[in-house]
Every structure is written in structure tokens, then in C-alpha cells.
Amino acid sequence: MSTAAAPARQLDPGSTAEINQAARALLAEFGTSATSPRLLERVAGTAASLGDGVRHHCRPVDTEDGLFVLRGLTVDDASAGPTPAGWASAGDSGAVHDLTLLLLATVMGNPIAWEGQQNGRFVHNIVPSPGHEAEQTGASSSVLLSPHTEDAFHPGRAHLLMLGCMRNHDRIATTAASIRRVRLSDEDVALLSRPVLPILPDDAYAQAQGYADEAPVPVPVLHTADEGLTLRFDPAYTPLEQAGEDWRAAYGRLEDELARVATAVSLDPGEVLVVDNDLVVHGRVPFTARYDGTDRWLKRASVRVPGRATRPPAEDAEHGYGQQALEAHVR
Ligand SMILES: [Fe+2]
């Protein structure tokens, strides 16, 4: 896997100061990063008042890598407090960084949350959690988190995924692979552009267990948008054994290509990885969690970009397995 440096955008000190001050003012006013309609409204107003420097650094992903690392923000390790033992106990840990991420997400588009994930919070804590080591969710550690599209099962999934680093003493890498870097034959692209198999909700959706009521919807893996190929990919939640041999072989070649072009991004505290969720699949290398308050800790935000035409129109009719994406701002 390549460890070539990911494209970076360095915030200037003025923009950094502006973001920090805005996040601190929001926390002082609300005392929590738990989202209420009033907080979201205030975030929207504050985000709209941020200067051109911040806005410029938050412009759309503009390389074939489909991602960038935003640099310049900082996290003070001591005042961040210990890495929470799980999202459920994280509460307001690192709350000012939640608000920082929410502000940046709002500059980039419309942040979303899920009723069935992390109590509907708009910024999630990604920390290893005892008992979940081998899952294919962000709470895992000991297994390779295989490359996937975030919330691939749902038509309301994010266009952009943001991972803000709070702590990463062991420099555990996030992996990323862009569909724009793979080489596939026209035949394979045609095969994988057909809706053959469904993608089912992942284990992080506690309330989705009742989705048996909803008939699984076959969806295409690849889509040719005006701007180029996009993908929707989550092998761990795709019943691959139900497909024919030719299709499975093409899917295998796509997996191999994604592995070939994958890069490893190891984030430092304060850095924010922004991934285009229509171009890039992301994952994580395995690691051994210590559960002593010093484990890797990321903040995650998901963003919809209004008007983005990167997906097949047929997605609009999907039921989403009873899950509802909550959008922060009505535009
Ligand atoms: Fe993910």
C-alpha cells in the first residue's frame, strides 16, 4: 500500500484563529456539543460568517485522489482528556472539537446524523470499544476494517466524510482508495453498473435490526456520472454469494484494483481528513487497543452536498431500510 503523502491544505493562522474562536464561543453559549435545533441554527449562522480563507480551504475535493487533509488546527493532548472507552460514554469529551468539525462541515455542505447511530449526534466519536474488536464498524480494532463507502446501504448517505484526529499515538493508518485511480475493462464497468445485489445496513445501526420488513434493494456498484466514475461499495455487507460467477469475478477485480491503488493516511492530532464518499472507499489497518485512555480517537462528521449529481437517480426511490438521515439545515 502506498504511503505517498495525501494532498494537504494548510490553514493560515488567521483562519485557524477564526475557527477556534467560533467553536469556543459556541461551546461557551451552549455548554455542550449535543445538537439541538437552536445549536444547529447558531452553527449555520456562525459558519456563514466565516471568512474567505476558511471557505477557500473548505472548497470541494479537487483531485483524482478524492480526498485532502486539512492541516493547521491543533488538539492539546492533556486538555483533550482520556480517550473515551466507547461512543456511549464519550458524551461531551472533546466538545470544542465537535463544534469545530460541525462548523467546517457546515461550510462544506449540510451535516447529517442518523437516528439509529450514536444517539443522533452530528459528530461521532470513533474509538475502539471492548467487545467490538472484530466487528466491521468504527468500534473495532483487531481486524482490518475493509474498504467501504460510508453508509453505503442508504440513499441519504454522505457525499463527504470528515475524520478529525484527536489522538493517534500509534499512528494507525486510515486507508483510502479512489475509483478514479483504478483500471477496469469496459465490460467490468458495464457489469458492475447493473443493480445486482443489495447493500445491507451495518452493525452500527442498532435500530436497523428490524429491517427484515423491507425487501433488500439491488443497487449498482459503479455509476458513470458527468464528472466520471463513482462507486457504492461495501463487501462486508453485500451478499456476494448470491451473484453469478461473471459478476463476482468483476467485483473481485474491482476489489483487487482498489487494493492496488490504496493509500495509507496516518493522521496527527488536529488534522482533518476529508474524503469524497462517492469516489473513495476508506478503511483502517488492524491495531491492538489498550483501553487505557490513550487509544486512537477520531471525530467523524458526514456531509451532504446539495445539488451534487454523482449518483443514479433511481436511488431516490430506495427505502433506506427504515433509517432516516437527519439533515442539520433546511436549505
Ligand atoms: Fe467508515
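Every residue gets a Cβ built from N, Cα and C, even glycine.
Please treat TrEMBL annotations as automatic predictions, because they have not gone through curation.
Note that the coordinates shown come from a computational prediction; the quantities given were computed from them, not determined experimentally.
Under the heading domain 'TauD/TfdA-like', TrEMBL lists 105-301.
Sequence-distant contacts (6 or more apart, same chain, Cβ under 8 Å) of E150 (Fe cation binding site) comprise R157, A158, L161, V275, N277, H282, S302. The Fe cation binding site feature in TrEMBL is assigned to H148, E150, H282.
Cβ environment of R300 (2-oxoglutarate binding site): V123, H124, N125, I126, G138, L161, M162, L163, G164 lie under 8 Å away, each six or more residues apart in the same chain. In the three-state DSSP scheme, R300 (2-oxoglutarate binding site) is classed as strand. Annotation source TrEMBL lists 2-oxoglutarate binding site at T174, R296, R300.
Same-chain residues lying 6+ beyond the ends of the region 'Disordered' (307-331) with a Cβ under 8 Å from its Cβ atoms: 35, 40, 43-44, 102, 105-106, 110-116, 120, 122, 153-157, 159, 195, 200-201, 205, 207-208, 210-211, 213-214, 217, 219-220, 223, 225-227, 230, 232, 278. Under the heading region 'Disordered', TrEMBL lists 307-331.
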PLDDT averaged over every residue in the domain 'TauD/TfdA-like' (105-301): 93
Cα distance (Å, whole number) from H148 (Fe cation binding site) to T174 (2-oxoglutarate binding site): 12
Distance [Cα-Cα, Å, rounded] between H148 (Fe cation binding site) and R296 (2-oxoglutarate binding site): 20
Most distant Cα pair in Å, residues T174, R296, R300 binding 2-oxoglutarate: 13
Secondary structure at E150 (Fe cation binding site), reduced by DSSP to three states: coil
